[in-house]
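Note sheet for the following structure.
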Amino acid sequence: MSNQHALLISNLLPVGSNISTWWNFGSMLLTCLMLQVLTGFFLAIHYTANINLAFSSVVHITRDVPCGWIMQNTHAIGASLFFICIYIHIARGLYYGLYLNKNVWLSGVTLLMTLMATAFFGYVLPWGQMSFWAATVITNLLTAIPYLGVAVTTWLWGGFSINDPTLTRFCALHFILPFIIISLSSIHIILLHNEGSNNPLGTNSDIDKIPFHPYHSYKDFMTTTSMIILLPISLSVSPDLLXDPEKLTKPNPXXXXXXXXXXXXXXXXYGLLRSIPNKLGGTLALLMSILILTLPPFTHTSYIRPMTFRPLSQTLFWTLIATFVMITWTATKPVEPPFITISQLTSIFYFSFFIMNPLLSWTEHKIMMQS
């Protein structure tokens, strides 16, 4: 009977034999999520959501709490690692045409929006100079909403300016949203295993499947272990590599920061926002940069699912990756020439990908049919 149970467990999740390392980022994201919830819990024990005490409580965690600096830096670096894994996970989905599994893809986009909101609320909590100005600038975008904008902003602030109620609300939201993320992640995984994982060839995996354990579980374990090893190295050698020194100074409402740089996590979306001089236009660009990811499932025109055998689409895809890196880089720079021009051009390229890709895929199909 025990042998039958072992056989049942080992064959519980049949997976295509040829899925590559790019499929490992899902398990890495789950590891990041567990790490963030765990370190966040220990930080919440010592954190005080008060504008006069928040900054001091973060300093207290770093200096006085045993291993507090490890928790604080792991949480900060872990968030950046989380988003790096997410962006690679999304890029893999775009490259291999995984968006054709519509339910999984759309639940993933919802998950991304929730994660970005959580990261923003968390960025505000230390209440340093950069946190204060990021909160002021980003929440002010809500005033661009016609008719309701000012009322919504005042409601979110809990008054007519960013103050103690704002920080308390952001703390409560940052605490509750990870539980929503866990729920959405569960839905995402359930929907994925409803149809099963795709593979790099984009073919049906039913004819050649192997048990997930031990073949793929060990592969997942290797990349997850590599990430966990990278974390303490980064923690020890350069904990502020992905952060801004302005966050280490107390907030001063009278003096604006040189350039309000968002967290490394949401820098790409912030870069798109900054590239448009109009407030409403910038806000729409920020929203559309995420919502446009819902288009590929409905605009796929190629008869071949992945870009593996489509050289023109591949070229366009790698242009998108270069564009994304450029947007992220310009978002960390001051709002002055030539960064404004670079930011505007890269923003046009970013949105153009989602329009040009279906047209190029259709052209490729026509060329292949003729040859």
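All residue numbers here begin at 1 and follow the chain in the order shown.
Glycine is no exception: its Cβ is also placed from the backbone N, Cα and C atoms.
As recorded in Swiss-Prot:
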BINDING   His75, His174  heme b b562 binding site
BINDING   His89, His188  heme b b566 binding site
BINDING   His193  ubiquinone binding site
TRANSMEM  25-45  transmembrane segment
TRANSMEM  69-90  transmembrane segment
TRANSMEM  105-125  transmembrane segment
TRANSMEM  170-190  transmembrane segment
TRANSMEM  218-238  transmembrane segment
TRANSMEM  280-300  transmembrane segment
TRANSMEM  312-332  transmembrane segment
TRANSMEM  339-358  transmembrane segment
Candidate nearest His89 (heme b b566 binding site) in space, where candidates are the binding-site residues His75, His174, His193 and distance is Cα-Cα: His193
Could you tell me what the rest of the chain brings near the transmembrane segment (218-238), counting residues at least six beyond its ends with Cβ under 8 Å? 21, 24-25, 27-28, 31-32, 70, 73-74, 77-78, 81, 85
Determine which residues of the chain contact the transmembrane segment (339-358) at the Cβ level, with the cut-off under 8 Å and only residues 6 or more beyond its ends counted. 271-272, 274-276, 285, 288-289, 292, 295-296, 299-301, 313, 316-317, 319-320, 323-324, 326-327, 330-331, 333
Within the same chain, the residues 6 or more beyond the ends of the transmembrane segment (170-190) and with Cβ under 8 Å of it are 26, 29-30, 33, 36-37, 40, 44, 47, 49, 104, 107-108, 110-111, 114-115, 117-118, 121-122, 124-125, 135
Have the transmembrane segment (280-300) and the transmembrane segment (312-332) got at least three CB pairs under 8 Å, pairs 6 or more apart in sequence? no
Lowest 10 Å Cβ neighbour count of the binding-site residues His89, His174, His188, His193 is held by His193
Could you measure between the residue listed as 'ubiquinone binding site' and His75 (heme b b562 binding site) for me? Cα positions, answer in whole angstrom. 30
Return only the integer: C-alpha distance in Å from His75 (heme b b562 binding site) to His188 (heme b b566 binding site). 24
Measuring Cα to Cα, how far is His174 (heme b b562 binding site) from His188 (heme b b566 binding site) in Å? 21
